[in-house]
Amino acid sequence: MITESRQMLDKRNRPLRDLRISVTDRCNFRCTYCMPAELFGPDYPFLKKEELLSFEELERLATLFVTRFGVEKIRLTGGEPLMRKDMPELIKKLARIPGIRDIAMTTNGSLLPVYAKRLKEAGLKRVTISLDSLEDERFKKINGRGVSVSKVLEGIEAAKQAGLGVKINMVVQKGVNEKDILPMARYFKEKGHILRFIEFMDVGNTNQWEKKDVMTKAEIIDLINKHMPVEPIAPNYIGEVASRFRYLDGSGEIGVISSVSDAFCGSCNRARLSARGELFTCLFASSGFDLRAPVRQELSDDELSEMIGTVWKNRIDQYSVDRTLSKASGKKKVEMSYIGG
């Protein structure tokens, strides 16, 4: 049933349309900009199994977001989501929710050779795969676990063969991998996959972010345009975070996610559910709203919906805009590996 709450807007008149679900805070990589190995070591207190929302609890909450609030897309994140056991079973549960249009996953790709076919059969439609360099030694250093580029490329091919839609994300950092922009663009242009460049962001508190390390959207596009001319094109939908550009020779497109240099807070329609069941209304949030406790206290769907609706209606987040206006300095934020990228 379509309810009035489908049109619910936050304090800045932004609707709720996308839900990102972090299914685990664990990862088999230790990327320097997300889970640096020196801080996320063997003794790091990751969540215990009983602290995680169960698949049944995730299904229940996701159903409310879709049927009561009009969410159309769900993206599964982590950590590395494929570190969570039996992920195809969760996807099957989510795929049967009435009204859901799209289920996607963000992954480092290393486990896709094992899981891609089963994920597709379960109902997953798309994957976004993180790859920050094609140069093996540089990539091994970035991922902090010595994983070779070939392992991720195998995952990309497995996803393609399984019939999943594929996009590639590259986080660009000056002094780290800006030399890889053109090789990455050429490689995935030839392969026919959309590559999206992500400006290095100050997510969490552990990645030693400094603005001088950010290569901006303008700089990235200027570099590519000199070698492979591109032109801007319209977004696919309202709230799409990547600015889109197509190659003038007709051989595909790229995107740039520019949270730092060109904030898109004004059209952000995403809510984020952590693995522990906290609802966050911004990637750069300091705290979330606990939904796990009321779910386990067996509150009714109406009561849970009232809580979710109250959180969204009171949402005022615009961190990236505030950063631009120098209003966000010193704010303590939740780590990306916990909230989901």
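Just so it is clear, glycine is given a Cβ too, placed from its N, Cα and C backbone atoms.
Lys167 is the residue from Lys167, Lys174, Lys179, Lys211 that Swiss-Prot records in the GTP site together with Arg20, Arg75, Thr106, Arg270, Ala271, Arg272. Here Swiss-Prot has Gly79, Ser130, Met201 binding S-adenosyl-L-methionine, and the candidate from Tyr33, Tyr247 in that same listed site is Tyr33.
Annotation note: Cys265 ([4Fe-4S] cluster 2 binding site) sits in a helical segment as assigned by DSSP. The domain 'Radical SAM core' (11-231) scores a mean pLDDT of 96 in the predicted structure. For Met201 (S-adenosyl-L-methionine binding site), the nearest neighbour among the listed binding-site residues (Cys31, Cys34, Arg75), judged by C-alpha distance, is Cys34.
For Lys167 (GTP binding site), applying a Cβ distance below 8 Å and a minimum sequence separation of six or more within one chain yields Arg126, Val127, Thr128, Ile129, His193, Ile194, Leu195, Arg196, Gly255.
The maximum pairwise C-alpha distance among Arg20, Arg75, Thr106, Lys167, Arg270, Ala271, Arg272, the residues recorded as binding GTP, is 21 Å.
The two recorded residues, Ala271 (GTP binding site) and Cys27 ([4Fe-4S] cluster 1 binding site), show a Cα separation of 22 Å.
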